[in-house]
Amino acid sequence: SGGPDYGIPLGRRDGLTFATVNATLQNLPPPFANATTILSMLATKNFDPTDVVALSGGHTVGISHCTSFTTRLYPTQDPTMDKTFANNVKVICPTVNSTNTTVMDIRSPNKFDNKYYVGLMNRQGLFTSDQDLYTDSRTRGIVTSFAINETLFFEKFVVSMIKMGQLSVLTGNNGEIRANCSVRNADNKSYLASVVEELPVEEAWSEL
């Protein structure tokens, strides 16, 4: 989609269990969170304001459900949202409980670039958690720098993504190396067969 390429550190193992919904929600800032909440939540994981703004840039691609931001439209419109932008979004999300979806970056929704930050500078962020990054003085300058310099955004995004990938790493005998990333080996009935089929004959026999 046009984003930066980067090397991923090796050695992280997969967990033996999947995260629960509650655990996931406790670790992800909600779309209605303001900058103070986001900065505080991610600071507990050693992310600084630059990390927070860079990771939020992932919203340059993808879609959002209307219910994630319609409280900014109804019953009264959030004054930090551009009026024309709000009116256009209301066409897609005509009620607070609308089940429709919309793109998160109106300028280039399918391209990973810095246009998300340009949108924030024009008060066209969908979520409170997006737009407040430009409203808040602690992160406003970072948003501006990324909007002006895409190369800088890419560099910081890579640093922050690698940093996030090193949270709660399982190594050694902890966890497992899954044959299929989305399925635990214990639940993957074809695991042994797939290992044997993919190895050269000599290696397959030695594995057995």
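Just so you know, glycine gets a Cβ as well, placed from its N, Cα and C.
Not measured: the values here are computed from a predicted model.
The substrate binding site annotation in TrEMBL covers Pro29. For Pro29 (substrate binding site), the count of additional Cβ atoms within 10 Å of its Cβ stands at 20 [all protein chains shown].
Sequence-distant contacts of His59 (heme b binding site), defined by Cβ-Cβ distance under 8 angstroms and a gap of at least six in the same chain, are Met104, Asp105, Tyr116, Leu126, Phe127, Asp130. Residues or ranges marked as heme b binding site in TrEMBL: His59.
Annotation comment: TrEMBL describes Thr60, Asp105, Asp113 as Ca(2+) binding site. In sequence order, Met104, Asp105, Ser108, Lys111, Phe112, Asp113, Asn114, Lys115, Tyr116 constitute the residues six or more apart from Thr60 (Ca(2+) binding site) in its chain with CB-CB distances below 8 Å.
According to TrEMBL, the disulfide bond annotation covers Cys66-Cys93.
The domain 'Plant heme peroxidase family profile' annotation in TrEMBL covers 1-185.
A 10 Å cutoff on Cβ-Cβ distances gives Cys66 (disulfide bond) a total of 21 other Cβ atoms nearby, all chains included. Counting other C-beta atoms within 10 Å of each candidate's C-beta, the binding-site residues Asp105, Asp113 are led by Asp105.
On a Cα basis, Pro29 (substrate binding site) lies 23 Å away from Cys93 (disulfide bond). Looking at the domain 'Plant heme peroxidase family profile' (1-185) alone, the prediction's average pLDDT is 94.
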